[in-house]
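This report concerns only the one structure given below.
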Amino acid sequence: MANSKYEYVKKFETDDRLPPSSWIVVRIDGCHFHQFSAEHAFEKPNDENALNLMNSCAASMLEQFPDIVFAYGVSDEYSFIWKETTQFYQRRASKLLSLSVSYFTSVYVMKWKEFFPHKELKGPPYFDGRVVCYPRAKIVQDYLAWRQVDCHINNQYNTCFWMLVKSGKTQREAQELLKGTQAKDKNELLFQQFNVNYDKLPQMFRKGSCVYRKKVEEVVKLVDTGNPVTRTRSKVVVEHKDIIGPKFWSELPYILKEE
């Protein structure tokens, strides 16, 4: 429609380019996933296959979009950190958000059978999303720490709640028993009533999942003597780390390196 009389409609489009020199966080969240997980009989409080499916989708995101430097996920939520210098689609919020949500969702559907080979996908999974900019890497670290603290609080509560329900309590009774309890009370409940040491539960449940590029040594070939020839390359990995303290970030400073 170039130079046509209808081109005036472009004036109604808004400029949604995000500010320069700022880190971009795209957070996606499952929409009505309580219903979706019930319909597909996900294990409570954590379904390992469902979490691994989310993690695999997040890894695909980093492979598809090189400007994503880190991702953190828990339950049906994932946050993707785009580097501060990205010029992907001129930093347009609508493009970053729509591409992130649509690509993640399509990969989720494509990979479903890989993680649930004996379950049919009964309904379409879908996600909502938001975009937030942060001016400094330290604030991004605090944002990720906030999400990991939230992971711990929710998982500890849900672990107690579903243990009580599976032991015969109604959901209302479980809620009443947990009302006003502190972290130490929940740990004590799990240990005394169910012989469960919360700190021994899988780290993926307690800490969530981190997806990032890691430098690894790989064998390229073997020479005639049988000795390996190796090279260092960047590989997308999924790990379950403590990202609240400074240790992780001091060991991997390149992830949130400011230009």
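Each residue, glycine too, has its Cβ placed from N, Cα and C.
Marked as domain 'tRNAHis guanylyltransferase catalytic' by TrEMBL: 6-135. The GTP binding site annotation in TrEMBL covers ASP29, GLY30, CYS31, HIS32, PHE33, HIS34, SER75, ASP76. The Mg(2+) 1 binding site annotation in TrEMBL covers ASP29, GLY30, ASP76. Taken from TrEMBL, the feature Mg(2+) 2 binding site applies to ASP29, ASP76. Taken from TrEMBL, the feature domain 'Thg1 C-terminal' applies to 139-244.
Overlay of TrEMBL feature records on the structure.
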residue : record           : CB count, 10 Å
ASP29   : GTP binding site : 15
GLY30   : GTP binding site : 21
CYS31   : GTP binding site : 15
HIS32   : GTP binding site : 13
PHE33   : GTP binding site : 19
HIS34   : GTP binding site : 10
SER75   : GTP binding site : 22
ASP76   : GTP binding site : 21
*Apart from ASP29, GLY30, ASP76, which residues in this chain have a Cβ no more than 8 Å from the mean position of the Cβ atoms of those residues at the Mg(2+) 1 site?*
ILE28, CYS31, PHE33, SER75, GLU77, PHE127, ASP128
*Counting each residue once, how many in the domain 'Thg1 C-terminal' (139-244) are helix, strand and coil under DSSP?*
56 helix, 26 strand, 24 coil
*Quick one: mean pLDDT on the domain 'tRNAHis guanylyltransferase catalytic' (6-135)?*
96
